[in-house]
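Database features, via TrEMBL:
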DOMAIN    76-308  domain 'Orn/DAP/Arg decarboxylase 2 N-terminal'
MOD_RES   Lys100  N6-(pyridoxal phosphate)lysine
ACT_SITE  Cys388  active site, proton donor
Amino acid sequence: MPQVDVLNPLDFTLSPPQFDKIPHDVLIPDLPLFPHLPPLLSGHPDLHLRNGILAADSSPASHDPDSERAFFVADLSQVYRQHLRWQSCLPQIQPFYAVKCNPDPYVLRLLAALGTGFDCASNGEISQVLDIGPVDPARIIFANPCKAVSFVRNAAKMGVDMMTFDNADELYKIARAHPRAKLVVRILTDDTKSLCQLGIKFGAPLATVPGLLAKAKELSLTVVGVSFHVGSGCYDPSVYTDAIMRARAAFDMGTDAGYRFSLLDVGGGFEDALFEQAASCLTDAIDTYFPDQSGMKILAEPGRFYVSKAFSLATNIIARRAPLGETPAGSSDQPSVMYYINDGVYGAFNCILFDHQTVHPYVLSMGGSFHVPATEPLHTSSVWGPTCDSIDCVCPTTQLPRALRVGDWLGFDNMGAYTMCAASQFNGFQVSKVLYTLGGFKASEVWGVLAKFAAEHV
Ligand SMILES: *Cc1c(COP(=O)(O)O)cnc(C)c1O
């Protein structure tokens, strides 16, 4: 693996990058573990952000009609480190990665190799997971409480037995299409402390649970446990305590209905910055409300926890609208300059609309240099996507260097969760592609895990 210097685009005090130190062969598919996937690059992701920019800046002569296209850089070692973090904080809870968050082929393979399960919501997601190799269908939970009957039938055919429900109609469908399913009742919990609330659409209020369980019994269905979801992007982990208390009540309702529940599914919602806090709330609550965990299986459905920090996006400034003649520096806190970049809310930045995110650009390169002096004067700016719709605003107000021009590059971190999976091609703009890297720290371990998986499954 080539040894390279770690270059941090956030560090404005760096001396100018030494281009002769950047190996020029890193874009060559030197590690073809999965021949049908894009190459896996070695070296730090920041290096590849820079290499991608250098490649774009030097390619106009190649007549590529989209030479300055935006691109992601994925750091697979970040996904790996999150898994180690999960195992150290929640060793008793088995993660079932929520595929919808980012069904990236490398992420799915790495997680499969690490032994996680998968939360799938559709036939498409189930096929995607089963297609990566012989993944045991017992490692999948079909965690969509409202499924098309054909999807239920197909799950039965594929051997996916574990599935959630929260209403009586679902029970009739499952009784017809998959009578041997192992059902999990999804209960309603407090989701008011989350970016994306789910309770308006899913979850059985506790008062309805005894009736649902009686109906399941009447239909000779097997209910094995309880699930909940506190909402995606949960910013107050104390809600897990209340959720576990309700799950306990639902377990007791199961006993009253003649079932012996053995599965507790604590859902998703885990925010990177609050993970340790959430883990400790959960652990304490589970120990309090489920003092006897023998014979019990506990799982979770983390999505954004695994991927949000693992992807960065590099975008090119394709246009600029500025007042003719320069305005004095710092004259106004109203945006004076509009920058247009080549990904927007119809693409990767759909997370602004759907996932209620705010994003923060930083300068990746300016005037052909990766070095932006800390003394660079700033002005209040806005950043827009490339489409013809005015809703396509990435950043309504932000401070950017006054010298920033068309052709310069802006970077965005934390772009791995709920971004490209929901991107459209509206107005003819393609979804930004990914450069895959093994990452900086623990890259060789990631390589080892993937190489072993590839040897067994390709
Ligand atoms: C979206 C979703 C998840 C993942 O949520 P995160 O907040 O990304 O962890 C898990 N389970 C279900 C049922 C979901 O719908």
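Every residue, even glycine, has its Cβ placed from backbone N, Cα and C.
Because TrEMBL annotations are produced automatically, they should be read as predictions rather than curated entries.
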Rounded Cα separation (Å) that holds between Cys388 (active site, proton donor) and Lys100 (N6-(pyridoxal phosphate)lysine): 28
Of Lys100, Cys388 (the recorded positions), the residue whose Cβ has the fewest other Cβ atoms within 10 Å: Cys388
Secondary structure of the residue listed as 'active site, proton donor' (DSSP, helix/strand/coil): coil
Segment confidence, the domain 'Orn/DAP/Arg decarboxylase 2 N-terminal' (76-308), expressed as mean pLDDT: 97
